[in-house]
Amino acid sequence: MKKPRCGVPDEQVARFSIYGKKWQKRSLTYRIENYTPDMSVAEVDASIGKALQVWAKVTPLRFTRIYSGIADIRISFVRREHGDFNSFDGPGNTLAHAFAPGDGLGGDAHFDDDESFTFRSSRGVVLFIVAAHEFGHSLGLGHSNVPGALMYPTYSYRNPDTFVLPQDDVRGIQYLYGEKDPSVDDPKPPTTPDACDSTMVLDAVTTHRGEIIFFKDSFLWRSFPQSQTPQQSLIRSLWPSAPVDIDAAYESRQLDTVFLFKGRKVWAFTGNQPVRGYPKTLTAFGLPKGVRKIDAALHDVNSGKTLFFVGNNYFSYDESRKTMEQGYPRLVNQAFAGLTRRVTAAFQHKGYTYIYSGPYMYEYDLGTGTRHRVLRNSYFLRCTNS
């Protein structure tokens, strides 16, 4: 009788072996795309998180969970043929498989939902053990010929509460990514912002080639015209060299460029590529040297001017002439009636201007100077909680 095993082929099996490439970054994202009915959601979440930490404990790697968008490691429970030309076989034998680091399916882990997965019981297949093995493949390890190794091809029960990664696996993963620096404390993973948080204050909002992008801490949401639900991911999954916790952002459609502001510096990107010569300082836009940061930026499509908000004032930058307009700064409430608090973000959409201040968003018609609505600033993020 065959023992249950991993579906990744046994190519070049050695004490430890390399499976394709390795990731060229230390911070990786993962997303649980669906759940097995065998376990509670909390049990699956805990098993997956703990399985990834098996590898994080002995390397410089960090794993951050995201709830929408494209993650480096996508985790799903599927049956039989499931679109990757590597079908499962029903109960028994093949338990799961994963793909080596790379684009597309690279890094993804698929679990055969015809198996009976458990949290820690030996009366079934312990998801934590299978997941930890598969994530070894997701990180670039192949199978080992050492029977006690986690990366040994066949499954055997181990108690998740007492599991310690065997030395053969430690040597393999450290061959790829190096040792964990003992002098560096484990940083807490960034807290994933919740679109349903009515008190959330966004860092910035901008358009980008027809999308709307909302920034919060290390994350962003991308709202596509053809999609009802914005996709969440890390800022650096879109722009690897971008800052996080930004102050402001805006798009120049004329230049096909997005500008990101943090402190005294400005970064620029066309598509997902950095623009040569950036980052620059705020003075490159004609802002006074005394301005240490801006609170928000708003590009007005009709006038071709970009407004920079600093405290209770704003400046006006002429994009075509690349100069700051004379007669500024001016008071914010002179242009935006009723707005008495600091502006935290701004953008334009379908002819309206949206000014964010704290957890609220104010809808204006700049043509008439009229304020129409006051909304929560998660309005465009379409909270899906019931």
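Including glycine, each Cβ sits where the backbone N, Cα and C put it.
Curation plays no part in TrEMBL annotations; they are all automatic predictions.
According to TrEMBL:
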BINDING   Cys6, His133, His137, His143, Met151  Zn(2+) 2 binding site
DOMAIN    19-179  domain 'Peptidase metallopeptidase'
BINDING   Asp38, Asp113, Glu115  Ca(2+) 1 binding site
BINDING   Asp72, Gly106, Asp108  Ca(2+) 2 binding site
BINDING   His82, Asp84, His97, His110  Zn(2+) 1 binding site
BINDING   Asp89, Gly90, Asp112, Glu115  Ca(2+) 3 binding site
ACT_SITE  Glu134  active site
REPEAT    193-242  repeat 'Hemopexin'
DISULFID  Cys196-Cys383  disulfide bond
BINDING   Asp203, Asp247  Ca(2+) 4 binding site
REPEAT    243-289  repeat 'Hemopexin'
BINDING   Ala249, Ala297  Ca(2+) 5 binding site
MOD_RES   Tyr278  phosphotyrosine
REPEAT    291-339  repeat 'Hemopexin'
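What TrEMBL annotates, mapped onto the structure for a quick look.
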residue: Asp38; record: Ca(2+) 1 binding site; Cβ neighbours (10 Å): 17
residue: Asp84; record: Zn(2+) 1 binding site; Cβ neighbours (10 Å): 13
residue: Asp108; record: Ca(2+) 2 binding site; Cβ neighbours (10 Å): 23
residue: His110; record: Zn(2+) 1 binding site; Cβ neighbours (10 Å): 24
residue: Asp112; record: Ca(2+) 3 binding site; Cβ neighbours (10 Å): 27
residue: His143; record: Zn(2+) 2 binding site; Cβ neighbours (10 Å): 25
residue: Met151; record: Zn(2+) 2 binding site; Cβ neighbours (10 Å): 28
residue: Asp203; record: Ca(2+) 4 binding site; Cβ neighbours (10 Å): 24
residue: Asp247; record: Ca(2+) 4 binding site; Cβ neighbours (10 Å): 22
residue: Tyr278; record: phosphotyrosine; Cβ neighbours (10 Å): 16
Distance check, please: Cα of Asp89 (Ca(2+) 3 binding site) against Cα of Gly106 (Ca(2+) 2 binding site), rounded to an integer number of angstrom.
22
Distance, Tyr278 (phosphotyrosine) to Asp84 (Zn(2+) 1 binding site) (CA atoms, angstrom):
41
Taking the Cβ of Ala297 (Ca(2+) 5 binding site) as the reference point, list residues of the same chain whose Cβ is under 8 angstroms away and which are at least six residues distant in sequence.
Ala204, Thr206, Ala248, Ala249, Tyr250, Phe259, Phe261, Thr306, Leu307, Phe308, Phe309, Ala346
Of Asp108, Asp112, His133, His137, which is closest to Asp203 (Ca(2+) 4 binding site) if I measure between C-alpha atoms? They're all binding-site residues.
Asp108
Given the binding-site residues His110, His143, Asp247, which lie close to Asp72 (Ca(2+) 2 binding site), meaning Cα to Cα within 10 A?
none
Show me the subset of Gly90, His97, Asp113, Glu134 whose Cα is within 10 Å of Cys6 (Zn(2+) 2 binding site); these are the recorded positions I mean.
His97, Glu134
Counting Cβ atoms within 10 Å of each candidate's own Cβ, which of the recorded positions Asp113, Glu134 comes out highest?
Glu134
Whose Cβ, among the recorded positions Cys6, Cys196, Ala249, has more other Cβ atoms within 10 Å than any of the rest?
Ala249
Collapsed DSSP category at Ala249 (Ca(2+) 5 binding site):
strand
Quick one: give me the count of other CB atoms within 10 A of the CB of Asp89 (Ca(2+) 3 binding site).
13
